[in-house]
Ligand code: FES
């Protein structure tokens, strides 16, 4: 679980983020998100606005982005919401970072299917590079957290790094991905298994074989 306590509110934090305001691009996106909801329900856009704010902070800090309390207050003002309501959302969802993070946020799934398929080795690969749970490496490149199931169990083990998932990992494949990111390159996302496209069976099809060529109706064959 990622750090769920907010960064302390200090004069330095206020000095850096107290004047936070949208850049034009994020202002346009925020306006569009708010406009999706009926009159009186604009607060429903709170998750979108927190996400946009985190991304703008990321652009300004060359990191994945996070939510300093003055930025959370800014979002509250944008939606005429009590700050505590916005804070409740930000602290509940782990997609929101509450403390500064690195350029890349490496979230390794350690739940049972990933664990059975080798997530301990993926974690060890990260630790060899100085990553430790809940911390950012000294060079500011990596923030590491272990997380619960992210819904890619069929291509376990997997990690999410910023907005992308990398699946069917081995220590060697994980090393190659981290090396590419460190060089500023964009590695192939999704499954890393050669010849596999998404989460289709890794070997020959063993179930629902009649569905290969057509949308076969199995219901008449049920006992
Ligand atoms: S257990 Fe890792 S993605 Fe589901």
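Glycine too: its Cβ is placed from the backbone N, Cα and C atoms.
Counted within 10 Å of its Cβ, the other Cβ atoms near residue 153 ([2Fe-2S] cluster binding site) come to 18, all protein chains included. Residues or ranges marked as [2Fe-2S] cluster binding site in TrEMBL: 109, 114, 149, 153.
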For this session: Could you check the binding-site residues 109, 114, 149 and say which one's CB has the fewest neighbouring CB atoms inside 10 Å?
Result: 149
Problem set entry | Remaining residues near the recorded [2Fe-2S] cluster site, that is with C-beta within 8 Å of the centroid of the site residues 109, 114, 149, 153 | 110, 111, 112, 113, 115, 119, 148, 150, 151, 152, 156, 157, 158
